[in-house]
Every structure is written in C-alpha cells, then in structure tokens.
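Below is one structure, written out as structure tokens; comments come after it.
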Amino acid sequence: MSLFRFLKPRGSAPVARERLQILLSHERAAMGPRDLVALLRDELLATIGRHVQIDPDKLVVKMDRATGYSTLEIDVEIPCDTAAPARPQATAA
Amino acid sequence: MSKVIVVTSGKGGVGKTTSAASIGAALAQTGQKVCVVDFDVGLRNLDLVMGAERRVVYDFINVAQGDAKLAQALIRDKRVETLYLLAASQTRDKDALTDEGVERVIGELRASFDWVLCDSPAGIERGALLAMRFADEAVVVTNPEVSSVRDSDRIIGLLDAKTRRAEAGERMEKRLLLTRFDAGRSSRGEMLSVADVLDILSIPLLGIVPEDQEILRASNVGAPITINGSTSPAARAYRDAARRLMGETIPMAIPDDRKTLFNRLFSRRAA
C-alpha cells in the first residue's frame, strides 16, 4: 500500500501557505487595525526591494478620500545608480 | 544616537528572549553600549538566559515607580562590559507598569545607551503593548509555522496602530527574524519557506536563524550564544542580524544544514 507513497508530493508546506493566506485575508479585513496605507507601504517596499535598492523613507504612500472616490498616491525615489536594475545573468552555456 | 528596538512575536516560545539576549550580546561585542530590558512582569526569564539570575536586586518596576535609581537596577554583564540587563519583576503583577513609568525609564535608558532592546512578553496584552509603545523599530520573531505566522501578522497590525511612532503618523520599521528554520525540511516542502513567510507578512527580513542544538546549551549555562565566539550556525545568524541592525549590508545566507552522507543516514532514522 505504501509502495507508491513516495510518488505523491509529501510536502505540507503549500497547504500551510494557502490556509494562512486565506485566513489572514479574512482576519485583516475583519479586524482592520492595520492601517491600509501602512500595509501597502510595507508590501510595496518588499516588492520594489526585490529589484531595486531604495531608501524606505523615500517611499511615500498617501491616500485621500473624497465623496464618491479615493485617490492613492505613491511616490518612490530611486537612486540613479540603481535605476536600471541588473537582470539576472543568463547562464553561460 | 540611541535606538530602542522591541523584540516581539505575539506567540510564546518562538525565541524572543533568546533573540533579544543573543542580538544584544552581539551588538555589545562591537563596543556599542547595550541594555536589554525584560518586559515580562511575573514571568521574567531574560536574567536566567543571560546568566544573571542571582544578581537581580532592583528591577524595572522599582525604577518605574521611583523606588530605585536606574543605575541601581542595571546589571552589568560579567563577560561583555558594554552589555547591561534591566530585569522584570518576578513578584509584582502586570498592572504595576504604567505608560508614564515606562516612558520615563525608556527616556533615561536612551540617554545612556546606544541600543535599548525591549524583550516583549508573549500575547497582545498590556505588557506586550508597553514593550512596543516607545520603540523606534521592531524585530518580529517568527517560526516557519502557521500559528506563529498568524500571530506575527496580528502583532504587525498592532505595531502599525498602537505605538507612539504610528500614532504620530511616522513609519514604524518592522523586520522579520525567522527562527528555528530548517533548510532541509523547507526544501522538501515540509516547512514554510523563507519566501512563503516573507510573502505572507510582507516585511523585510532581518535574519534567518537555523534550528541549532547550541541554543539549548547556551540557555542551560546562561550565556547568550553569541558571547563565546561560537561559530555555530545560530550564533553566526544572530551576529549577522546584529550587524544588519547597525546598518551594514550583509548577504542573506539561508543556513544550510550541510550534512555528510554518514550524518544523513543517521538522522533519517530518528525522523
């Protein structure tokens, strides 16, 4: 019975990841103590930081609410020496 | 300029105290003046982990209530001369700490130390909120495990809402310290990966501390793992994290448990 067990993917980490993502999206929405602007700033920093080195204080996120619509303003200052991100090196054959 | 850093997590047992002591000792070894403050009133343990449990005369609450001077309560480490400890009270209850008292003590500590590390109690009650309240930055200690990640998410929310910095509309910097990480299990898909946790919590990474038997040995003898020049993987990870706090750029190495075939065969039996 257990002969083919090794053929199945054994990892439970993807399950953990998926459960957490669903749970936290609900909890964040329900509790809402985490300021949306702060959350956006953190996620933007993480995303931009993966490609370009930026000074965290040079990322300004502002949200303005008016009747009927809201505006989100994102201002990122990128140092000129890192403006062109290095692409991952193509593997030399 | 002095920096106040809260070491927090929400969940208990993930390594807050170990991390506060290890990073504190690593910072102090570079010559910086460091004070590690235990906020866990009633369940203090930082004194034990740092090997100073028999030297506590006055504690944080004595100072906060004005019954003792800060200098009387500070315990200087016997091995690293720029490392100090401010112990929590073991006998008082949590309500003995007030906002004003904590603010005054933190202010005094700022005046005489380069680094103040606040070791937060678990949970999201008064003690944990006071530990983060006056901090400039936070180190969020997380295990690659669902309940720890969930609690860290909650703590990140509180850091963005209940700290002085957040209330003043300033940015509260939060960095993730992933502890008890097992590269082998993660690569086999048995444990959340570093990328998974970063993706879910979306705060920058301060360090990855591997599961390491030396951690228990260090707490057994009351010497933070970074103190004796240990070259164990966890000690190196904590030293790197301390240097990142100081602003150095150090490549993030995912600690690999490089095992020989011999070790691998043996460890499988126990798994």
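Glycine residues also receive a Cβ, built from the backbone N, Cα and C atoms like all the rest.
A TrEMBL annotation is a machine prediction, not a hand-curated record.
DSSP gives B:Gly15 (ATP binding site) a coil state; it is part of no helix or strand. What TrEMBL lists as ATP binding site is B:Lys11, B:Gly12, B:Gly13, B:Val14, B:Gly15, B:Lys16, B:Thr17, B:Thr18.
Annotated domain 'CobQ/CobB/MinD/ParA nucleotide binding' per TrEMBL: B:5-224, in sequence order.
The record gives B:Lys11, B:Gly12, B:Gly13, B:Val14, B:Gly15, B:Lys16, B:Thr17, B:Thr18 for ATP. Within 8 Å of the mean position of their Cβ atoms, the other Cβ atoms in that chain belong to B:Ser9, B:Ser19, B:Ala122, B:Val141, B:Thr179. Close to B:Val14 (ATP binding site) in the fold, though at least 6 residues off in sequence, lie B:Val141, B:Thr142, B:Asn143, B:Ser148, B:Thr179, B:Arg180, each with a CB less than 8 Å from its CB. With all protein chains in the displayed structure included, the most crowded Cβ environment within 10 Å among the binding-site residues B:Lys11, B:Lys16 is that of B:Lys16. Counting only same-chain residues at least 6 apart in sequence, those with a Cβ under 8 Å from the Cβ of B:Thr18 (ATP binding site) are B:Val49, B:Thr179, B:Ile215, B:Ala218, B:Ser219, B:Pro224, B:Ile225. Counting every protein chain shown, the Cβ of B:Gly13 (ATP binding site) has 11 other Cβ atoms within 10 Å.
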